[in-house]
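Comments concern the structure below.
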């Protein structure tokens, strides 16, 4: 239902963009299909409706007419009235309010007209001529005017520091340089515009990209919820759209908890959690991510134990060793690699075994009693699933990898829509300690712990 609503909303936005083409403020039709940016081609003279307002009434009139002022990037929406338009006697002590095209006195209600009269506003609309140019249009107006596909202009972009990142389809590539230049011109904080060449399909989660405008500089800096991050965007993975999710998990964990971030990247989870006071073990296989992880830990003046190893090895060594210390602190295991993280779940089965595993139903075993003091382990698994029957799909894959069904009281949180018919979820559940000490799937397995203590 929500996805359908969003798609319908996008269609309406696109349609409004197409309808906007017929408005007086739309860029000239001659720019359609332009592939090399010619800023001078956007110049045109248009007529705007205007109201003559006494200077002493400017503040009150501005509040009253805010919704009717022209919606355009022009230096002034309140201008000096030219003598040839209003007469010499009215140039002093008055200003012209520039209004949206199509505004007439009939646009105003009787109450508004009465209020305007009390403020000394003449009951008359003036035609004000103004020259518009490239600098007066927003980036989406320029792109909608240039590109033959209105949807192309509405797709948007992601910004990572000074880098703007677009995903262009094959039929959009002939326009890539003009798209990049327009974005560079209009987004003041941008210095580099890149287009992704391919999907993320390598083991380090970064992708090939092409600079389509601006500097060939991929080392960037961002601030997310007050924490600073620096990294080479071409060599590591970063997704600004996960900012809310980073903060959600950070808010959830307690200061006394211990966190193992299996696929830590440059630290978007690990660093804010460490800043909170938690003990953090952060790992990433990508040497570049590991390098920037260390850098960002120092940059944020916090502490985290960082590792550059395979996720499976990290769990089998660092997590296992910590659990065997019988620490009383609750443990969280973050697995943010949604494409393949589910394939790592089998590593938890028999994780605590060291040669000799418990026999089935041997609940009196002395070593088993010791295991009862092992801290609670809450896994937060990120996973992609189809929009249709996605919950059933992810439950099936988790069961296949973990070797047992997902606890009924696990929390399945919809993080975001990543593509048409594709969702990203975070599945949070408490691992059975008995399961981590036994390799056989038919051994005794106690009822799962209630997840509500683990996540709200």
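Placement of Cβ uses the backbone N, Cα and C atoms for every residue, glycine included.
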(request) Quick one: which of 225, 246, 295 does Swiss-Prot put in the S-adenosyl-L-methionine site with 284, 285, 310, 311, 336? (result) 246
(message) Please identify which of 284, 310 has the densest Cβ environment, defined as other Cβ atoms within 10 Å, among these binding-site residues.
(response) 284
(message) Need one number for the S-adenosyl-L-methionine-binding residues 246, 284, 285, 310, 311, 336: the maximum pairwise CA distance in Å, whole number please.
(response) 22
(request) Inside 10 Å of the Cβ of residue 336 (S-adenosyl-L-methionine binding site), count up the other Cβ atoms and send me the figure. (result) 26
